[in-house]
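S.K.: Before I ask anything, let me first share the structure, which is written out below as structure tokens.
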Amino acid sequence: MSAPSEAPSTSPSTSTSPLSPNPSNAAPPRHPPLRRTPPTRLHLDIPPNDEPSKNDPSRARPQPTTLRSHSDQAGIPRLPKRHNLGNGRRDCTQPLGVPMKRVLLLHTGGTLGMTGEPLEPNAYSQALTDAVPELNELAEIDTEIVFNLDSSDIGPEHWTTLTDKIAEHYDDYDGFVIVHGTDTMAYSASALAYSLAGLDKPVVLTGAQRPLAALRTDARRNLADAVELATCDIPEVGICFDGLLLRGCCSTKSNARDYRAFDSPGISPLARLGVDIDVADHVLHRNEPFAPDARFDNHVLAVHMTPGFNPRLFELMLEAEDHPHGIVLAAFGAGTVPTAKRSLAPTVEKAVGLGIEVLVITQAYGLVDLSLYQNSRKLAEVGAVSGGRMTVEAAVPKLMHALAIYDDAEARRAYLQRNVAGELG
Ligand code: ASP
């Protein structure tokens with residue numbers, strides 16, 4: 001068993017070097033040991049990049065590592081879990097005597113696992129159970145370190161890897177937990193919501209604002225909550241943070257410092273974890289075959305409209321040889337852009353004429369309605385598509401996915417306007 005021996009701080013006032021999943025850049029320990037005896041250490045291995053080491057055959061195809069259940073070992077009976085159910089249908093209670101649900105925990109990096117030491121698969125799962133012993137009471141868990149990155153380095157190719165990983169193990173587990181940095185978690189959650197079409201098991205992303213090894217960490221609670229939710233009948237991609245499960249493709253990182261780091265504006269949480277777990281009635285239960293499609297086209301650019309925006313700068317991008325295949329345009333209010341002086345409409349028209357898909361979302365929270373104002377109508381007239389209620393985190397991966405899977409513009413536009421995973425509210 002291992003546990004953190006040092007507690008790195010995330011506070012800028014005490015920080016002398018940055019937190020990093022890459023040990024060579026890791027912050028030196030600054031706090032006294034978390035526990036005096038025995039001083040153990042969260043020991044995490046993983047190459048600093050996302051590629052397994054080529055010389056090590058055991059890494060060629062990493063296999064999940066199983067967490068040993070203390071209760072099974074010691075013969076300690078499990079307590080029944082209690083859940084308040086919205087309508088009696090969404091039962092995630094595991095009665096006594098029924099085998100524990102199986103959960104695959106995939107590690108991708110982020111603050112939760114940052115320790116200043118390399119990650120090692122066996123030690124990683126050991127460290128999880130040491131730090132959060134109740135994990136063993138919640139599910140039979142296998143872990144796998146898929147990569148170990150600050151989430152600002154995670155992108156479409158990693159979404160593809162995660163989709164493939166879940167598809168590969170889909171029949172072996174009841175649910176999946178993905179440990180992920182918070183910075184781009186909402187993008188990854190959205191991407192998976194689209195790529196895991198027909199999902200009928202929970203996929204729960206979680207992370208932490210303070211490392212598992214740190215004092216006063218939020219990692220323990222988030223991990224335990226995420227694992228428990230992965231055993232429930234909530235067949236969506238969600239973000240579990242600070243006692244809430246949010247729909248992944250409606251979520252946004254709303255705070256960089258609070259433990260309540262995520263919000264899903266316009267839609268209430270899928271579940272609230274207090275004394276009981278309250279599961280909302282609007283959890284989606286789709287009746288489609290599981291048909292994952294891991295393709296994303298990363299030639300997508302997001303443009304944030306600002307007063308006085310110079311359309312010529314936009315146009316220069318279109319003239320580049322390697323121009324974007326799609327643009328997410330974050331317009332004002334209900335979808336307005338300047339049309340009097342420095343009108344954007346001719347440039348959007350040019351983009352559409354070049355076959356570049358322009359998807360309009362709003363910088364505000366709420367619905368884009370391109371028919372509402374003269375300054376929004378122009379965009380519809382020149383062929384831009386309304387992104388409805390989509391956040392930028394939902395819109396960018398959706399456009400990337402649409403561009404990758406549909407050559408036909410009509411079909412692509414129909415997909416963009418279809419409520420694929422609840423992203424349109
Ligand atoms: N920079 C970190 C990441 O997103 C922040 C976090 O995990 O909370 O990987």
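Note that Cβ sites are derived from N, Cα and C of the backbone, with glycine treated the same way.
Because TrEMBL annotations are produced automatically, they should be read as predictions rather than curated entries.
According to TrEMBL, the feature active site, O-isoaspartyl threonine intermediate maps to Thr111. For Ser151, Thr182, Asp183, the entry in TrEMBL reads substrate binding site. Sequence annotations record features per position, and here TrEMBL assigns compositional bias 'Low complexity' to 1-28. What TrEMBL records for 1-95 is region 'Disordered'.
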S.K.: So for Asp183 (substrate binding site), how many other CB atoms are inside 10 Å of its CB?
M.R.: 18
S.K.: On a count of neighbouring CB atoms within 10 A, which of the recorded positions Thr111, Ser151, Thr182 is highest?
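M.R.: Within the set of recorded positions, the most crowded position is Thr111.
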S.K.: Over all pairs in Ser151, Thr182, Asp183, the listed substrate binding residues, work out the largest Cα-Cα distance in Å.
M.R.: 7
S.K.: Just the number: how many Å between the Cα atoms of Ser151 (substrate binding site) and Thr111 (active site, O-isoaspartyl threonine intermediate)?
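M.R.: On Cα coordinates alone, these residues lie 9 Å apart.
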S.K.: Centre the Cβ atoms of Ser151, Thr182, Asp183, go out 8 Å, and tell me which other residues of that chain have a Cβ in range of the substrate site.
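M.R.: Once Ser151, Thr182, Asp183 are set aside, the remaining close residues are Gly110, Thr111, Asp150, Ser152, His180, Gly181, Thr184, Met185, Gly207, Lys253.
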S.K.: If one measures from the C-alpha of Thr111 (active site, O-isoaspartyl threonine intermediate) to the C-alpha of Thr182 (substrate binding site), what distance in angstrom results, rounded to a whole number?
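M.R.: Spelling it out, the Cα of Thr111 (active site, O-isoaspartyl threonine intermediate) and the Cα of Thr182 (substrate binding site) are 8 Å apart.
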S.K.: Taking DSSP as the reference, which of helix, strand or coil describes Thr182 (substrate binding site)?
M.R.: coil
